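Enquirer: The structure that follows is given in the form of structure tokens.
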Amino acid sequence: MATPVPLVFNAPKRGMPPTHFADLNDEARIEALKELGLPKFRLNQIARHYYGRLEADPLTMTDLPEGARQEVKDALFPTLMSPLRVVETDDDTTQKTLWKLHDGTLLESVLMRYSDRSTLCISSQAGCGMACPFCATGQGGLDRNLSIGEIVDQVRNAAATMQSEGGRLSNIVFMGMGEPLANYKRVVSAVRQITQPSPAGFGISQRSVTVSTVGLAPAIRKLADEEMSVTLAVSLHTPDDELRDTLVPVNNRWPVAEVLDAARYYADKSGRRVSIEYALIRDVNDQDWRADMLGEKLHKALGSRVHVNLIPLNPTPGSKWDAAPKARQDEFVRRVIAKGVPCTVRDTKGQEIAAACGQLAAEESA
């Protein structure tokens, strides 16, 4: 029997990347410009290039003094990530990018194009410390937290890709590598930059941003108090503590009732419906009684402010589990809905290139 991966809340103390423009608040940015001999008004110019025009190279910012561009680049725009590999599938509508960071750490992001929108699945950590046994990322362990700049620049890169195609990046989901609420301050700062209008941010609606969590109950409550209107997605995967202690090890610290209570607090504070993520695993969590229990618990805890997103389990190397058959999915959905809770099956994209939920592993040789 394989040794269980340990649960890790605190990221290893490893060197963070060089300071980037996106890491700094306006006061720190102005101070940095002052040290370069540049006046305060240059901040707006640089911000409009980065967030509005999606440019990250000051050498192309022609409204800056020519002699200062290299200095601005060196001080505020270090190269945070370089693409190692880009793979596409689903008729080129899904694109997974493997990035190498300054210290050799790897991470992945996934851009999904739909007829009516485009969604970027971004990472908040390199690896993940939550140790969920059915998730490739969780089984790989946690390397380190990402910086604000490393999170934000994933968005800028994807937005630039969409712009080059004549489109626009419309949705962001923090469902890539890592537990977003375990890198709380940086994720919240990144969300604010993603959602603020130019020149302070990319101008993506807060309602078009989803922050996922395995159920760090205190952090869910803290996020509610930020008074943002992002969607909260809770990776529940089973309604009973006995199984969830195994499937989602963090449940040993914050059990189902506590997680749902925190989710209710978030729904009340934000006015938003909470999304419940449920990876359906054959003969593990797909039983009729679990569907009934799920519907009952969610209806009691969240009333009309909840929606279940059923995810057919995506295959991962060496996994002993596989997806429940379609007939089982359909019956599970029917039973949850019968308890008064909306439930749909997620349109899974990117399976063929290991870009779907639970498949991101950032392997350089893959």
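Heads up, the Cβ atoms here are built off N, Cα and C, so glycines get one too.
In case it helps, Swiss-Prot gives these features for our protein:
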ACT_SITE  Glu108  active site, proton acceptor
DOMAIN    114-352  domain 'Radical SAM core'
DISULFID  Cys121-Cys357  disulfide bond
BINDING   Cys128, Cys132, Cys135  [4Fe-4S] cluster binding site
BINDING   Gly178, Glu179, Ser212, Ser235, Leu236, His237, Asn314  S-adenosyl-L-methionine binding site
ACT_SITE  Cys357  active site, S-methylcysteine intermediate
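Relative to the rest of the structure, where do these features sit?
Expert: Neighbours of Glu108 (active site, proton acceptor), defined as other CB atoms within 10 A of its CB across all chains, total 27. In this structure, Glu108 (active site, proton acceptor) is part of a beta strand by DSSP.
Counted within 10 Å of its Cβ, the other Cβ atoms near Cys121 (disulfide bond) come to 28, all protein chains included. In the three-state DSSP scheme, Cys121 (disulfide bond) is classed as strand.
Around the Cβ of Cys128 ([4Fe-4S] cluster binding site), the same chain contributes Cys135, Thr137, Gly138, Gly140, Gly141, Leu142, Met177, Gly178, Glu179, each under 8 angstroms and 6 or more positions distant in sequence.
There are 22 other Cβ atoms within 10 Å of the Cβ belonging to Ser212 (S-adenosyl-L-methionine binding site).
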Enquirer: Please report the Cα separation of Cys121 (disulfide bond) and Glu108 (active site, proton acceptor) in Å, rounded to an integer.
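Expert: The separation of the Cα atoms works out to 9 Å.
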Enquirer: Check the binding-site residues Ser235, Asn314 for other C-beta atoms within 10 angstroms of each C-beta and report the one with the most.
Expert: Ser235
Enquirer: For Ser212 (S-adenosyl-L-methionine binding site), which of the three DSSP-derived states applies: helix, strand, or coil?
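Expert: Reduced to three states, the DSSP call for Ser212 (S-adenosyl-L-methionine binding site) is strand.
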Enquirer: I need the CA-to-CA distance for Ser212 (S-adenosyl-L-methionine binding site) versus Cys132 ([4Fe-4S] cluster binding site), whole Å please.
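Expert: Per the Cα atoms, Ser212 (S-adenosyl-L-methionine binding site) and Cys132 ([4Fe-4S] cluster binding site) stand 14 Å apart.
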Enquirer: Nearest of the binding-site residues to Glu108 (active site, proton acceptor) by CA-CA distance, picking from Ser235, Leu236, His237, Asn314?
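Expert: Its closest listed neighbour, by Cα, is Asn314.
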